[in-house]
Amino acid sequence: MVTIRADEISNIIRERIEQYNREVTIVNTGTVLQVGDGIARIYGLDEVMAGELVEFEEGTIGIALNLESNNVGVVLMGDGLMIQEGSSVKATGKIAQIPVSEAYLGRVINALANPIDGRGQISASESRLIESPAPGIISRRSVYEPLQTGLIAIDSMIPIGRGQRELIIGDRQTGKTAVATDTILNQQGQNVICVYVAIGQKASSVAQVVTSLQERGAMEYTIVVAETADSPATLQYLAPYTGAALAEYFMYREQHTLIIYDDLSKQAQAYRQMSLLLRRPPGREAYPGDVFYLHSRLLERAAKLSSQLGEGSMTALPIVETQSGDVSAYIPTNVISITDGQIFLSADLFNAGIRPAINVGISVSRVGSAAQIKAMKQVAGKLKLELAQFAELEAFAQFSSDLDKATQNQLARGQRLRELLKQSQSAPLTVEEQIMTIYTGTNGYLDGLEIGQVRTFLVQLRTYLKTNKPQFQEIISSTKTLTPEAESFLKEGIQEQLERFLLQEKL
């Protein structure tokens, strides 16, 4: 008979217990009560967090936005056509985040940071939360470096600094996107990473922007985040935050970034749609009560970081569309109060052929003047004053026919100044070219020319100065000041070119 030894049995049991490895996973699940219009109502999910990602049985991801006593309101990040009533949903324990890396440069992606340009996957080792807190007061420093847009009207009178938020506002078809894309083109060689976020636009418009950036070599330093008009409202609402997360990644790595949100009116409409479907109480213009917070938490992420954090910056150019020039509507007033100034584009000026159609009278930059270079300040003050006086005189001149000589001269000067502010699309000017152009206008060199000759003369003058007076550009770029020496080079160049030009015109 086999003897059973108790110590052997206990050793075997002990070994088995030590080797026993059963992992227990607790999954927070729920059941779909109702689904439709990009919204799902879920029963269960007791411990879900606000903003947490949830996963449906067939793979769709959603965000839990409404936590109510008996159900959870989830917005879907997809069409949700395969989700069935009664199917299960599980909480993931994560909140929305995207992968980030240098590899995103030159690519077109969607709000979930997936490439949509057909050029394969993007490799990334790091990730960032889509919604992350803005830098605090101690983490920032005041704006002091200029961000040149390449547009004379903006860089001289409504200057933008790195780390500023400047709103571009105007009716549809007034050139808002053109101002933004020209600014991206002007960052070539300036070591600025650009992020262009297209929200709720036609796919053809986005393709046009991407093509124009590619043709001019600007996609090398640009990321395009696009959620077109046929995208679910949830993704249109998320797209700006995705763009901000990508720009922040570069900002915290001591680089300068420029982000364009085109446009925030469409994001607000997508958010309104989501909120109404979630049965949140509507407020003014049927927008939910927290629509201000929607934009403020986005735009506050733009900053100029302190020297301890590496002095990186994120400059935001949000775009807002108005209806027949009504700046006092809900979304425009909200965004105006959040930003550090606005560039107002007028349909009347646009139709009158003044492009970019910037209404200098009501456009302001609240912090940009600190970022202007000294040379620009020296010439821009006079331009601003003369244009303001011209606008006033022009209104009076409509009523009186007999004007004295001084008034006639002032009107003629104003018309020529307005002419020199006109620029073709995708033709940004360097700051030296802008200074030279403004100086020519404010010092009366254009007064003897016909209005139709002004632009031709200025184009020839820029070429002439570049080839024959390169010292002018060298002095401005090295000292950032219009020194007496630079001024004398400039005067000589203008005089010589003016004589040549008038001689050509006579022939």
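Glycine is no exception: its Cβ is also placed from the backbone N, Cα and C atoms.
According to Swiss-Prot, the ATP binding site annotation covers Gly170, Asp171, Arg172, Gln173, Thr174, Gly175, Lys176, Thr177. Here Swiss-Prot flags Thr257 as phosphothreonine, drawing on similarity to another entry. Annotation source Swiss-Prot lists site 'Required for activity' at Ser363, citing sequence analysis.
Distribution of Swiss-Prot features across the structure.
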{"residue": "Gly170", "record": "ATP binding site", "Cβ contacts under 8 Å, 6 or more apart": "Lys176, Glu321, Thr322, Phe344, Leu345, Ser346, Ala347, Ala357"}
{"residue": "Asp171", "record": "ATP binding site", "Cβ contacts under 8 Å, 6 or more apart": "Glu321, Thr322, Gln323, Ser324, Gly325, Leu345, Ala347"}
{"residue": "Arg172", "record": "ATP binding site", "Cβ contacts under 8 Å, 6 or more apart": "Glu321"}
{"residue": "Gln173", "record": "ATP binding site", "Cβ contacts under 8 Å, 6 or more apart": "Ala347, Phe350"}
{"residue": "Thr174", "record": "ATP binding site", "Cβ contacts under 8 Å, 6 or more apart": "Leu345, Ser346, Ala347, Phe350, Ala357"}
{"residue": "Gly175", "record": "ATP binding site", "Cβ contacts under 8 Å, 6 or more apart": "Leu345, Phe350, Arg355, Pro356, Ala357, Gln425"}
{"residue": "Thr177", "record": "ATP binding site", "Cβ contacts under 8 Å, 6 or more apart": "Ser205, Val209, Asp262, Ile319"}
{"residue": "Thr257", "record": "phosphothreonine", "Cβ contacts under 8 Å, 6 or more apart": "Val192, Ile193, Cys194, Val195, Ala247, Phe250, Met251, Gly312, Ser313, Met314, Thr315"}
{"residue": "Ser363", "record": "site 'Required for activity'", "Cβ contacts under 8 Å, 6 or more apart": "Met157, Ile158, Gly341, Gln342, Ile343, Phe344"}
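Under DSSP, Lys176 (ATP binding site) is assigned to a helix (H, G or I) in the three-state scheme.
The DSSP secondary structure for Asp171 (ATP binding site) is coil. What surrounds the ATP site, by Cβ distance within 8 Å of the Cβ centroid and not counting Gly170, Asp171, Arg172, Gln173, Thr174, Gly175, Lys176, Thr177, is the set Glu321, Leu345, Ala347, Phe350, Ala357 from the same chain. DSSP classifies Ser363 (site 'Required for activity') as coil under the three-state reduction.
Taken residue by residue with DSSP, Thr257 (phosphothreonine) is part of a strand.
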